[in-house]
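Per TrEMBL, the feature domain 'NADH:quinone oxidoreductase/Mrp antiporter transmembrane' maps to 108-361. For 6-22, 29-46, 58-78, 90-107, 113-133, 154-179, 191-213, 225-248, 254-277, 346-366, 406-426, 446-465 (among others), the entry in TrEMBL reads transmembrane segment.
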Amino acid sequence: MIANEIFLWLSVALLALAAWQQTARRLPLVLAGVSATVASALTLFLDTDATALLQLTPLRVVILAMIFVVAWAVINYSKQAIAEEQNAHRYWRWLYATLAAVILVIVSNHLLLLWASWVAISLSLHRLLVFYPERPRAKLAAHKKFIIARTAEFCLLTAIVLLAIHFDTFLLADILAAWSEDPVLTTELEVAAVLIAITALLKCAQLPVHGWLIQVVEAPTPISALLHAGVVNLGGFILLVTAPIVFAVPMAQWIVLVVAGFTAVLSALIMITRVSIKVKLAWSTSAQMGMMLVEIALGLYELAIVHLLAHSIYKAYAFLSAGSAVNQTLQRRLAQAKNAQWHDWLLSLVLGAGFVTLGATGYALFSEMMFAKSAESPLSVLLLFTAALTMLLAQRHSLEVNGSILRFSALALLLVFAYFGLKIAATPFVPALYPSSAAFLSLPDLWVSLLILLLVVVSMLLHIFPERNISQKLSMILFAGLYLDEWATRFTLAIWPIYPRANDKSKRHQKEKANAHR
């Protein structure tokens, strides 16, 4: 066992000890973070042991850092939010247990250890989701997630066994090294790739098994923040670390492209129709996870890494500041708004397309000079970025800030440079053995481009012509989530009914009796 692995085990052990002691102190997290930092620093100077149970790579290091940042924010918020709760000790036990399991998943090199940690996350998180057992919606969401999680775990375990049978090892580093030397597909590998793809889709709450993610807003706010920022995106992580094998199988790639692609579009449209801030954020997570999985399936690993990190930090902030978000939303609604005219849209489209073309050209030239490889961007990415900048520029007058075209053009140009700059910065985190991205105008690229056009057309219809009959009918259907969660609810209640507790009945009876005497 080399030094950096010892420090990684120490980091996990400190969090597990905090869970056992049910402490609300931040010291265990600080010490675990210091231990993980030492392990990361040692990785720079020591050779990585491919036979180690725990292993750090550049990708794992940056995700590990993100997890500790999110954990610090969640624990700080929890110290005040949970302080007066009667079962606060139980909250801290399962919170620290969840954090220990998440870190173990990130650093595991042995696939069976990764799977055991994956299961531990789900079981610990389940106890947090039912922290308020008197809330039926919270219990329903927890039951749904429990069933879906067991299905995902079965798929992942089966895939791990198939990989071990083919490569004669459970060590992920050895599996990837063997694949790079002899990339020959067999039936076991094809089935394993499909099962890993399904596991990622289930973990990331993709349609139609998304309902639990929307309903867990009944859980304590810091748990929602941890779930959306540090747990639900682990489906993307498992795809990133197994991408060379998974996306060598066309069926696995297309399963992700179709399911995650439709999820990204539909969840984004549904989010527009919702009013509750936390429900909007939940639908946003489903859409963002769908887009991230699509990026991985297209081979845009740098973009997916940036997306994963940015989404995690933003969602932790968004949930932990959901109260102030209500005031911000009211301010935007009360601000003097000016609808964009057709010439605004045309000018915005020209500027957005020009900025994206400039950035893509510069990125391609820089990548060829610095990394000696072609960096041609798929059409779908350029189309999505152009649409986003066009919306930003055209709707500049609807914000409560100065809507100067020069000001917003500068902002759009800054976003372009930030996007391509972050892609360049993320390049070292992608191993050289990973396959290249989808070719320009390839079938996967065209499929995603079609989905993006669908998203743009429908969202503009809802925004520009809200009074039209078709827009109102579409809004009603979208508000109901296309009724996709109904079957999951019925299935869950059929096999795991929710019964009110006896003390809940007595409390309700006392309340009704008190009201009757008033």
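Yeah, the Cβs are placed from backbone N, Cα and C, and that goes for glycine too.
Unlike curated records, TrEMBL annotations are generated automatically.
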Can you work out which residues elsewhere in the same chain, 6+ from the ends of the transmembrane segment (113-133), have a Cβ less than 8 Å from its Cβ atoms? 53, 85, 87, 90-91, 94-95, 97-98, 100-102, 104-105, 139, 141-142, 145-146, 149, 153, 156-157, 160, 172, 216, 218-220, 223, 227, 231, 234, 501
Are the transmembrane segment (346-366) and the transmembrane segment (225-248) close enough that 3 or more Cβ pairs fall under 8 Å, when only pairs 6 or more apart in sequence count? no
Touch test for the transmembrane segment (346-366) and the transmembrane segment (254-277), at least 3 Cβ pairs under 8 Å: no
Cβ under 8 Å, sequence separation of at least 6 from the ends of the transmembrane segment (254-277): give me the contacting residues as numbers and ranges. 194, 197-198, 200-201, 204, 206-207, 210, 217, 239, 283-284, 286-291, 293-294, 296-298, 322, 325-326, 329, 444, 447-448, 451-452, 454-455, 458-459, 462-463, 475, 478-479, 481-482
